[in-house]
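Peer 1: One structure, as structure tokens, below. Some questions next.
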């Protein structure tokens, strides 16, 4: 392993003996010269070999070795992983990085079946069937390097501010959000376990435990028979919860700073490559993000000529696009907090403003798509129980959750954010399927 | 939220008006003076109030306010979360941090039920029933701050070295490891989904995708009816996988450096507090960790007078303690890699040494307990299939997994490590239940 050189390191390396490892992207097998494009996780390089097509029957070993090498290059299939030992040469005429490796010998790690089942222009479902090949594309690799940077910047933001990282259980004895969209299974014989739809209960529990500020980036599960480009059965949720807030505004202020910090880190590390491969100039959002109360948002949308078909007063996806378009035109901003949702369209645990009765909550839209719901939580047990009953929930099923509020709890609030949605919008992709390592949906459980 | 001062900040703060928020740990309600110990996520402080027990019927407002304050302090129950506005005074005689706050007024956020269901010396099962109260203990809070530091140091180690962070799906169409210990559920009608027992399949898939180096810290699930102090039904697994290795030694070299880096970060940030609350001096392990082939380990253990009862040649828990005791005595080291396991006690996907037939794998023991299995994986499809058949596995069930090896794949290997086990041993705890936020076991699915 010690002698392997990454392809990204070739440019700054002196001419001479070198070994690189990667997979065959293309082979151009000309009569007199053979070219192979070899890619690794850092880049691609051109390998070259002067072809030896025929030798005399009594040729020297050297000549028969050359013939064998030529034939093995001719036989290389796309996707084959190999190590090449050769001679590095800088040459300005080579388009790909200005370097070329003259092949000395090849060590084939695993030859690919020559019948590659997908091409880069295959349909999405076909590409998902063969996702491990699809992910070799440079832009797909970049997606997950961007995700890594985005997450690490968020975690670093929190860790620097003394947040505690949680891993809450995904197996629960009762539903975490609602009885709908719930996976259940037999648990050691006579028990039933449910998969967590969010870490909501437990991140609130951490507040009753006096943890102060917590975050979790983990899996959540929704048995949601939805086929939109924004929904998944299993996805990575970015969650935070903080104590001693005055209102949801304290949560929003943290979240906007978090996002600006993380997007700045992405721009710094990958901005040029994102521009090249996605045609997108990453914009670091200015602070504060615009805020618009929901009622005002409806007026703005109506003035733009759109009437939402929903009767519950919430925004529909087109309404979200319209208000975001307004914000982009008016404030030049990609983000907007929609605030002051009425209680009818919010969960029972959202705190309500004493004067207006509206919830102390927000949705955050990014380029026209909802990526977050945030709120101050109701921490007063009597009010919380009354709000649950008002929503028609049975208090028995909420027993463990309600206990968290009986033995002391600070005022608190937090948000949950879909990681893939942020990534999708940041990179201008049309579906979260494209930015999820292995998407899960109603008809997609493999590979 | 702006005016709240953390208790840890009081010592360096000038005397004067101050507001702190936290929960009531104790109340000492003496006739002439009242003391409250208030704790927040950063520490504890003594609050003091000169008691007003009686006032004249025609007393001034000030006196009746004083009486009301005294009575509300007398009524405070343990666990009540409140904000106190008062006057900070440095006083060397105060044991707790050398500061005291004279209470001006109290804002009670949520009064605790006075009947606290557990005490700090309650049995483990009772404490787990009321885990959210149990977690208020200072040492329990420290456990999760240590976990946060440990994880962040590991992720930073990897991110600095260009690893990609993965979130692999936990819902799968086929078992990830074996058919035993598996949770299954109905998935959108006629399908069956299984919960991932490890990210093994998918982190290998990422190698076929040319990701090079990856890590994941995520949930795994084992329907394991085991009740030992080292096993859980759901736990956080720390996983890494890297390409272009020569053997499992490349994996071991990465893991030992990773652990030394992470433990050093824990010692630096929390060493003093761990010594105070757990009586443990954190030891940063020296590199390299000792390595002992399994056969040699058996000889050493036998020479110590212990004969393992297992007939398959693996170490049993007592054997692991014995070999670790030997390593501690001989090398003064808390870690040891046991290497060269024979194929009969390893999964089919472990690569075998061509000369010896032994697997290119290791177990890592930390203070006598196994925390990791690592290995080079077999990446040659024909050998892999033969090894699966030899183990009696049906190739049909492994179809998606085996596909990863048909279209090119580099040599690769990795490890999986239980986060809670590392934490348990690092802090000298006797059970992973103590270091898991919410433990899940055969008889434990709530809260």
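Cβ atoms are placed via backbone N, Cα and C, with glycine included.
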Peer 1: Of the candidates A:370, A:378, A:385, A:390, which one does TrEMBL list alongside A:418, A:419, A:420, A:421 as binding ATP?
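Peer 2: The one candidate that TrEMBL places in that ATP site: A:370.
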Peer 1: Which is it, of A:192-195, A:196-199, A:200-203, that TrEMBL names as region 'Aspartate'?
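Peer 2: Result: A:200-203 is the stretch TrEMBL calls region 'Aspartate'.
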Peer 1: Between residue A:419 (ATP binding site) and residue A:377 (L-aspartate binding site), how far is it from one CA atom to the other, in Å?
Peer 2: 22
Peer 1: Per-residue pLDDT averaged over the region 'Aspartate' (A:200-203) comes to what?
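Peer 2: The answer is 96, the mean pLDDT of the model over that range.
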Peer 1: Can you tell me how many other Cβ atoms are located within 10 Å of the Cβ belonging to residue A:421 (ATP binding site)?
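Peer 2: Looking across every protein chain shown, the total is 22.
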Peer 1: Can you tell which of A:419, A:420 has the least company, meaning the fewest other C-beta atoms within 10 angstroms of its C-beta, among these binding-site residues?
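Peer 2: Relative to the other binding-site residues in A:419, A:420, A:419 has the fewest Cβ atoms within 10 Å.
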Peer 1: Restricting the comparison to the binding-site residues A:222, A:373, A:377, which residue's C-alpha is spatially nearest the C-alpha of residue A:421 (ATP binding site)?
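Peer 2: Of the binding-site residues A:222, A:373, A:377, A:373 has its Cα closest to that of residue A:421 (ATP binding site).
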Peer 1: Take the mean position of the Cβ atoms of A:370, A:418, A:419, A:420, A:421, the recorded ATP site. Which other residues of that chain put their Cβ within 8 Å of it?
Peer 2: A:230, A:235, A:371, A:417, A:422, A:423, A:424, A:432
Peer 1: Considering each pair of residues in A:370, A:418, A:419, A:420, A:421, all listed as binding ATP, report the largest CA to CA distance in Å, no decimals.
Peer 2: 12
Peer 1: Would you kindly give the Cα-Cα distance separating residue A:373 (L-aspartate binding site) and residue A:418 (ATP binding site), rounded to the nearest Å?
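Peer 2: The Cα atom of residue A:418 (ATP binding site) is 10 Å away from the Cα atom of residue A:373 (L-aspartate binding site).
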Peer 1: On the three-state reduction of DSSP, what should I expect for residue A:370 (ATP binding site)?
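Peer 2: In three-state terms, residue A:370 (ATP binding site) counts as strand.
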